[in-house]
């Protein structure tokens, strides 16, 4: 699923050549062509440090570590984004399924998907996010 046919315009304009230079091949494929990293291989799947997870493309803060939980799915999981304005959701019909794709609302980078099987005592949602789409910024006490 490529973003090439999308009609939404995002505030941050990405230069493809610059992205190819700056991102790893996996980061590029995940964020620009909606690829999925293999389960249990991502850098942030088991990370428990206190901090903020940001978009690897535009550095927009997306998720707080306090919203992260162990879902057992093999990808970092969060029960809510930082706020309601940082995430764009779009119906995804790829691979013979109907899912809700999650993108950065600032640059349109593919992040992952959101499912309704998260912690019931929180939001009931599970934002299943590719580590390759994220950068982590630890809070000063973790340095």
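Every residue, even glycine, has its Cβ placed from backbone N, Cα and C.
Note that the structure is predicted; figures quoted are calculated from it, not measured.
Annotation comment: Swiss-Prot describes 128 as active site, nucleophile, evidence class sequence analysis. Of all Cβ atoms in the shown protein chains, 23 besides its own fall within 10 Å of the Cβ of residue 128 (active site, nucleophile).
Applying an 8 A CB threshold to same-chain residues 6+ apart, the list for residue 55 (Zn(2+) binding site) reads 62, 104, 106, 107, 109, 111, 133, 134, 135. If you look up Swiss-Prot, you'll see 55, 58, 104, 107 marked as Zn(2+) binding site.
Per Swiss-Prot, the feature domain 'MsrB' maps to 16-139; the stated evidence is sequence analysis.
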### Task
Work out, from DSSP, the number of helix, strand and coil residues along the domain 'MsrB' (16-139).
25 helix, 40 strand, 59 coil
### Message
What is the set of residues, excluding 55, 58, 104, 107, whose C-beta falls within 8 angstroms of the centroid of the C-beta atoms at the Zn(2+) site?
### Response
10, 12, 31, 56, 57, 59, 60, 105, 106, 108, 109
### Task
For the domain 'MsrB' (16-139), would you mind checking the mean pLDDT of the predicted model?
96
